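Notes to accompany the following structure.
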Amino acid sequence: MEVFDVTIVGGGPAGLYSAFYSGLREMKTKIIDYQAELGGKVHIYPEKVIWDIGGLTPMSGENVIKQMVEQAMTFDPTVVLNEKVESIDKNEMGLFQLHTASGEIHYSKTIIVAVGGGILHPKRLNLEGAEKYEVTNLNYKITSLQRYKDKRVIISGGGNSAVDWANELVDIAKSVYLTYRKDVLSGHEAQVTKLMKSSAECYFNCSITKLISENNQSIEHVELTNHESGDILALPIDEVIINHGYDRDIDLLDNSPSLGVEIKDGYFVAGSPNSESSVPGIYAAGDILHHEGKLHLIAGAFQDAANAVNQAKKYIDPMANNFAMVSSHNEMFKERNEKLKASAAASV
């Protein structure tokens, strides 16, 4: 039975920084993530530019993920991907047991819950046979804007993301259509105004009711039905983007009643500014954590993560320092710093 000092559930910004900081505190660390790759929700908007991380110049979500993952791997944590933690309990030895969907049990002295808004599943288009087009031109997220260059694109949805993507694609795609089941878009006002002034065509009170394909491989026409008038319109398209929101899998703590973790608003971990939960040894970081003054930014997730790790360290060893030594004066980085200096000198 292999036991870890800390197991981090979730591989987004909060989980990744938790992994780095726990390594800095010389803790044996494991990350378990449901997704096939680390990075969390940032994967939903890889080409979006992120401005609000302190000390970083504006960069794409994709590059932010790359840097966060690289930092998280500094101290070689164990990483388990494509694995869902379904419940947590505690054994007679006082160790936390994380039960996963595959049947594995992971053992840990402490746990940091960093699952953000939960496991996100995009809401699928509710049309029979639609799933077969997901390998060709039915999309639930945008990973590359250039994929849509000079194409006819229809976006279904009226929220912030749908409106935002429509605005992004107007200058790239050949034509952009947006269809929404209501008569008023619910995105941010400035973005809605921008869209309405653009060349995009909007179809209100309409839904996609049929996908038409002669080759049975890719969608060639989309049938829209107006719920008010009953009118039906067939649009020739090259790409379909569905943005109907996400279903959240938030069952982890609900499935762990024996722990008694206090929950806020049916989902969030009711915690402290130090990232403590109501249960000693269990901590939370990122969007899953709730307390007065909580900052819902990536920058805030980093502070949550450091606080959670420090509390976990003290839980394991009450005599440990409250904080890690800062990296600029930490001997753990001496060899790494020398390599960086040598590399910089060689490149001159």
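Any Cβ shown, glycine's included, is placed from N, Cα and C.
Because the structure is a prediction, the values reported are computed rather than measured.
Asp33 is the only one of Asp33, Asp52 that Swiss-Prot places in the FAD site (with Lys41, Tyr45, Val85, Leu120, Asp287, Ser328).
Between the binding-site residues Val85, Leu120, the minimum number of other C-beta atoms within 10 Å of a residue's C-beta occurs at Leu120. Annotation for Asp287 (FAD binding site): spatial neighbours Ala14, Gly116, Gly117, His296, Ala301, criterion Cβ-Cβ under 8 Å with sequence separation of six or more. Around the Cβ of Asp33 (FAD binding site), the same chain contributes Val9, Gly10, Gly11, Gly15, Val79, Val80, Leu81, Glu83, each under 8 angstroms and 6 or more positions distant in sequence. Contacts of Tyr45 (FAD binding site) defined by a Cβ separation under 8 A and a same-chain sequence distance of 6+ are given as Gly61, Ile142, in order along the sequence. Residues Asp33, Lys41, Tyr45, Val85, Leu120, Asp287, Ser328, recorded as binding FAD, reach a greatest CA to CA spacing of 38 Å.
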